[in-house]
Amino acid sequence: MGDSKVKVAVRIRPMNRRETDLHTKCVVDVDANKVILNPVNTNLSKGDARGQPKVFAYDHCFWSMDESVKEKYAGQDIVFKCLGENILQNAFDGYNACIFAYGQTGSGKSYTMMGTADQPGLIPRLCSGLFERTQKEENEEQSFKVEVSYMEIYNEKVRDLLDPKGSRQTLKVREHSVLGPYVDGLSKLAVTSYKDIESLMSEGNKSRTVAATNMNEESSRSHAVFKITLTHTLYDVKSGTSGEKVGKLSLVDLAGSERATKTGAAGDRLKEGSNINKSLTTLGLVISALADQSAGKNKNKFVPYRDSVLTWLLKDSLGGNSKTAMVATVSPAADNYDETLSTLRYADRAKHIVNHAVVNEDPNARIIRDLREEVEKLREQLTKAEAMKSPELKDRLEESEKLIQEMTVTWEEKLRKTEEIAQERQKQLESLGISLQSSGIKVGDDKCFLVNLNADPALNELLVYYLKEHTLIGSANSQDIQLCGMGILPEHCIIDITSEGQVMLTPQKNTRTFVNGSSVSSPIQLHHGDRILWGNNHFFRLNLPKKKKKAEREDEDQDPSMKNENSSEQLDVDGDSSSEVSSEVNFNYEYAQMEVTMKALGSNDPMQSILNSLEQQHEEEKRSALERQRLMYEHELEQLRRRLSPEKQNCRSMDRFSFHSPSAQQRLRQWAEEREATLNNSLMRLREQIVKANLLVREANYIAEELDKRTEYKVTLQIPASSLDANRKRGSLLSEPAIQVRRKGKGKQIWSLEKLDNRLLDMRDLYQEWKECEEDNPVIRSYFKRADPFYDEQENHSLIGVANVFLESLFYDVKLQYAVPIINQKGEVAGRLHVEVMRLSGDVGERIAGGDEVAEVSFEKETQENKLVCMVKILQATGLPQHLSHFVFCKYSFWDQQEPVIVAPEVDTSSSSVSKEPHCMVVFDHCNEFSVNITEDFIEHLSEGALAIEVYGHKINDPRKNPALWDLGIIQAKTRSLRDRWSEVTRKLEFWVQILEQNENGEYCPVEVISAKDVPTGGIFQLRQGQSRRVQVEVKSVQESGTLPLMEECILSVGIGCVKVRPLRAPRTHETFHEEEEDMDSYQDRDLERLRRKWLNALTKRQEYLDQQLQKLVSKRDKTEDDADREAQLLEMRLTLTEERNAVMVPSAGSGIPGAPAEWTPVPGMETHIPVIFLDLNADDFSSQDNLDDPEAGGWDATLTGEEEEEFFELQIVKQHDGEVKAEASWDSAVHGCPQLSRGTPVDERLFLIVRVTVQLSHPADMQLVLRKRICVNVHGRQGFAQSLLKKMSHRSSIPGCGVTFEIVSNIPEDAQGVEEREALARMAANVENPASADSEAYIEKYLRSVLAVENLLTLDRLRQEVAVKEQLTGKGKLSRRSISSPNVNRLSGSRQDLIPSYSLGSNKGRWESQQDVSQTTVSRGIAPAPALSVSPQNNHSPDPGLSNLAASYLNPVKSFVPQMPKLLKSLFPVRDEKRGKRPSPLAHQPVPRIMVQSASPDIRVTRMEEAQPEMGPDVLVQTMGAPALKICDKPAKVPSPPPVIAVTAVTPAPEAQDGPPSPLSEASSGYFSHSVSTATLSDALGPGLDAAAPPGSMPTAPEAEPEAPISHPPPPTAVPAEEPPGPQQLVSPGRERPDLEAPAPGSPFRVRRVRASELRSFSRMLAGDPGCSPGAEGNAPAPGAGGQALASDSEEADEVPEWLREGEFVTVGAHKTGVVRYVGPADFQEGTWVGVELDLPSGKNDGSIGGKQYFRCNPGYGLLVRPSRVRRATGPVRRRSTGLRLGAPEARRSATLSGSATNLASLTAALAKADRSHKNPENRKSWAS
């Protein structure tokens, strides 16, 4: 007897896929025979035991983790060498031997014991080695016999894996005093070769219980024990005696120990798991007890062998008569640390177990003798017992006799018995029509059979069903092939084999039978390799061996080339040469399943045909593109020939822009390949998921129908929520199947695939219970009614959509205020989230620039210093769909935050809960600050990533059920959305031209521009003869004019030419106007026409499609709920389409649609009409639609009238301005060969040229843009001294240059071209009712293309956010040049007006760039707003309209006392051309006027005034101040006193190096003093300078302004007096026309006081609180209640109406305006009689209504109300200019409404106005109420 300890080995397996995906680290290492387990948590303190590595020593340690580490790696051969060879030797020596593997699920036990075909494990190697050795050693002196048995222990029950009868019956375990524990009835089969063992083992494995768990896809769910008995017989030839040694090998493969949480076990899996764990726990306890015994701790300790079947059967192997080896298998991953530690501890304990092995020599003789003695003893006992009454004794006797019989069976008998069992098995299965394959038993060549295809890869093709001549298939017992499961009827199908050998399949009525994916309802012939589906999931493949061999022979006879051609047609079915039923890769379970689904979807593989059609389309596009390219090259060659002819040699440079680059083809190919690969990949993955979804839906529908749940499931498609996140990885799935659940009478629900999958488990259980229950039991019946996994009565929140805020703005020191689109899972914008993101501290830029220096700083210090603190504000969500707007909340995670931030809305309890609006708004007012360590990853995230904010809402009833579907509100909302969509593809761009001439100092200064009524180009440039000139061009985007991401980089070229001389045109009246006269302005409508044609085409196509679809639906008889929904949707879209068509044909003013009449008042120098330039880019990616290469230059074809390409001369650019898109080009006007340009322009002629520039754009596409501007120039000769002096003394025009505003349109808005709602598309793409329909392909393709748009939405929005940030940076850069920035009161919210609530949102003052509503801004564009609006500092490009009226106010103050006004001063009152006050003045960096009030005071002598004069100096000092300080007097003073006068001087700040137009406050102006200043003008003019600080010490400043007149209780200067009716305050100057008021004498004493701007309330704020000053509805009428004082000077005007003045009369208003009288009568706004005139030209102020009252009707901008005295009779017919597209840019002018002014000042103003009538715009008349 040899005592030996259990040999223990540990094996470490490689990482599996799950662990690799988790990126878990390796914690196990091997050093010789030691295993080191490192701690997972390295952050523990040094003294903590958990932080120390644990070391275990074993007999063998196998490192199988990484094959590349050759010196360490232990493969299967090394494991066998160390353990197997020793055990094999023990078996030959006659010892019992055992080897078992122990470890958690998936640790590699089965691999170590059984291995794979390529890498066999311990058991196959032991068996193979056993037979190799027996064959070697067998001779006449010794022989070997081998017997095997194979059993499994499953759920504590023992099953025989080699029993052919009923493999499911369980066997009993018994214990015998002699034999020990054994299994009663376990088959023991004799084997003669390794092949026999292999086949038996394979057969057993197939019967073994295997199932997938999370840890391991083919996890053993049972313990398997393979026993080999080796009988070694020794013959002594001499003596003739023989002896036997018997060795027993027990090879045990244990099931994995597991944790339910990790393996995801549930239901049966959990039950199995608990039993597996029970056996293994008992095994552990047995090992512990035996280890304790061996260590001598507790010799008598009880060993609980019988607590589990496993340990009972292993009793001999553990601590008994056996030599045992144990392999502990562990995972190296940190994720499995606890399990690994537990396994290593058990293995460590097992080392101490001592076994007592003895050699089993000649056991038979001894055992038989013992047994015989026992039998005799039992017989005696039985005889003594009465009449065999003891059943126990009888059992024991039978047991012993049976054992003796088994012992005495000869070897030959054993072999015969094994053969009989095999034959019996074959017969039994054949009787069932089944044959078990791969067991070494050959299938008959002549038999036809079916092979099963199974979802479980381990069970695939295990069953073979033989077909008889007439085979019945069904679920009844009488059928030949019995199938059970869903969809199988008792009699399902019949298969017949005809005499010719053909196989015919005949399905029964109403059965579900498919052949090769197609449904079958009539008899059909089957062929070799056909796939058959019966019911829901019984898939089979047919094998016809004869047919197959015949085909093979024909194949060999065929010509090789023919063979290749046909190979594809044979479907690779016949590559079956190795085995009749070998696994055919092409026809596995998944293939068969997919085939059925694809056929059901309408074609064998719709995706394939989609790709083919795409390919064809692509080829055609390529062909047509090449044809276009050829034509373009020819065109270009022709142009080159023309250009290079000798007389035109210097015409223009060729590098305007190139149409194509040589790499065009290559780039196109690369782009197409990438796009095709993405589409292909997406289609493939989507196809797989659709297949799965359709299978689940089919099953769910079947169960729901069976249980009468009235619920229907359909597959639809949606965009995965992860794909809406801009941070997602590229190439992720664009779309995924979702399940639409609909219950009769209830709304729709959308479930995810996972949800249906989980629900199906409940449905199946319910179905099974329903099948098994008694139908007549009322309790059961009510239970089935209540149990409802089929539909959710209460739905949780749904995802409305995801808003992506790109974080690039955190690199800059600006606040990003933006309305981010919320994109839903249909790929549509479902609203906007108003967000602010801002960096509070930390500098990302410096860290990047720091480079290596930063790296040198210690890490701790670095993390402390480099922190970025930013603020995220979520203000509100607007435009949300009504049916999802309940309990809306947001969720987002910022960078590495562990927990997501949940943002709840602010609840306003006062407002009603139900809103009638189709769209809702939710206020959050959430603000959060985040502090993040700046790392390389974080910087990358900032530059590439976005903050994805998910917006959720709770659904209310099905929106389609709402009666409000046809509400006008919904149609209006759609029209509003049309306006918004246009605003997303448009942006206005200003193009300014200045001509610079060299002055006496050699500097280039802008020439003067004078406006003229007959010149529509914005003004006439006054050039001097013989001067050196430059053309300065500037291009800039207009803020808040649309959200197209338009960014100009630089000006590439400047050209000038096309000189046209025109006679001076008389002012346009009805007599002189001819429609055919060409307009010499910069307007053209070529691009507009092109855009309209394209849009109309798109609408027409869409209309045809909608009509066709509606027709289909109308003609359909049985409409489903889906059809009714779709019909309603289509009708709604058809209605919206009509609105849209009207919008194209006749866009309403201010609608924001290109070509709509403009509603604006252009600044001086700007043209009235706005031409459109259509870039025609691809809506998807802003690439060109027509060209292979870069987009052609936008606007190249938009030529002006009279433009000739040959007449242009390219100018050399001599200066580019940094930070602005501005360039100067040198211009020699002599090259044009035009005498009027060289020697001077005659007085009666106008000279026009065209300036053309090419601008490089970076956004929306990298392309060029061609802009043209027509200019008018006047060249005058050299002036004499008198003229020069006069010129210097007279006023210089304030117009800096001429400009034109373009409306740039990138493309037709995407949704305008969209055909059908994506929801409907998705549903139709996933389900097509008619399989023959070609629509299925179209729907899927259409849907996928619409889904691809999401990526474009994100890309575009990223561009918009970039542009918003860059514009803020530019604005900031400009502002920083000024000392203090002025308050920007005029910033309007660009968010939808209809969504803005009545309450304010705190800081919600910024513009929301992305949701600009062009037509609904706060100030109506048809009117000039009240003077309250200060000037926005963004656009530093136009003179402020107001400053023109101040032009005279900086002249020598001494002259102000001269009572008589010289005629020379007429020119000092230029045209009052004011606009809304949006544009800032270029004067922001120039001398800013400061105004001082001089109050009359009798006690101060004139000498004080004279003393004050030297202080002021020649330059005039002007101080900005608010309105109240400008008000001179509230009422006419009773005692006549000298009126106050405003002294104005200029403060010149430090000169700036900036080329700009000279200030109208020029020092060169003459020294006269202005007698008239308008308050409105002052506020507008001085807006930008409100905060400009005066140089300290320039003048003494008094603490407050003195009262203006000696009134007893003077009001404070900052308050509006109560006794005066509210109204715009005006300042007027004394005049000489009123004889009752004296003009001031030159010697009047004045005291000069300084008024500080800080002491005055801002004019805007004062007006904001003054109800009379809010902008009127139309026109700037004086507010009601202004009373007679509002027009003080009108008291002198006669209100008598001449007899001829009646409605319909043709009249002249002022000097130039003509029109028809439409109204004569009183008005609400002012007493007296007023005349309403409809003008011929849009130079009016309104549409006939003022203050909300309609006096007459006309087009906006054509109406005017005046006093009767301003109207005189005209002669001739009425004419009206009508060019359709140029209707409307009303040249609105604001007049100075006089109120509360001293009468003497008013009269002087009136006099000046009359004196200036011939020169001034008549619109500046005081009596107009406009």
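Counting starts with 1 at the first residue shown.
Placed from the backbone N, Cα and C atoms, the Cβ positions cover glycine too.
What Swiss-Prot lists as ATP binding site is GLY103, GLN104, THR105, GLY106, SER107, GLY108, LYS109, SER110, and the listing cites sequence analysis. Cβ-based neighbour count (10 Å, all protein chains) for GLY106 (ATP binding site) stands at 27.
According to Swiss-Prot, the coiled coil annotation covers 364-439 (among others).
Annotation comment: Swiss-Prot describes 607-710 (among others) as coiled coil.
The feature coiled coil is assigned by Swiss-Prot to 752-772 (among others). Restricting the average to the coiled coil (752-772) gives a pLDDT of 84.
Annotated coiled coil per Swiss-Prot: 1096-1143 (among others), in sequence order.
The feature compositional bias 'Polar residues' is assigned by Swiss-Prot to 561-570 (among others).
The compositional bias 'Polar residues' annotation in Swiss-Prot covers 1378-1392 (among others).
Under the heading compositional bias 'Polar residues', Swiss-Prot lists 1409-1420 (among others).
Swiss-Prot lists 1579-1607 (among others) with the feature compositional bias 'Low complexity'.
What Swiss-Prot records for 1608-1624 is compositional bias 'Pro residues'.
The feature compositional bias 'Low complexity' is assigned by Swiss-Prot to 1671-1688 (among others).
Annotation source Swiss-Prot lists domain 'Kinesin motor' at 5-353.
Taken from Swiss-Prot, the feature domain 'FHA' covers 471-535.
For 1721-1763, the entry in Swiss-Prot reads domain 'CAP-Gly'. Counting residues per DSSP class in helix, strand and coil order gives 0 helix, 18 strand, 25 coil for the domain 'CAP-Gly' (1721-1763).
As annotated by Swiss-Prot, phosphoserine applies to SER661 (among others), with the evidence given as a large-scale study or a structure entry.
Here Swiss-Prot flags SER1379 (among others) as phosphoserine.
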Inset, instruction - Take the domain 'FHA' (471-535) and count its residues per DSSP category (helix H/G/I, strand E/B, coil), listing them in that order. - result: 0 helix, 28 strand, 37 coil
Legend entry - Winner by Cβ contact number (other Cβ atoms within 10 Å) across the binding-site residues GLN104, SER107: SER107
Legend entry - Other parts of the chain folded back onto the coiled coil (752-772), taken as Cβ under 8 Å at six or more residues beyond its ends: 486, 689, 692-693, 696-697, 699-700, 703-704, 706-707, 713, 736-739, 784, 787, 789-790
Inset, instruction - Please list residues from the chain of GLY108 (ATP binding site) whose Cβ is under 8 angstroms from its Cβ, counting only those at least six apart in sequence. - result: ARG11, ARG13, SER64, THR329
Inset, instruction - Determine, from DSSP, whether LYS109 (ATP binding site) sits in helix, strand or coil. - result: helix
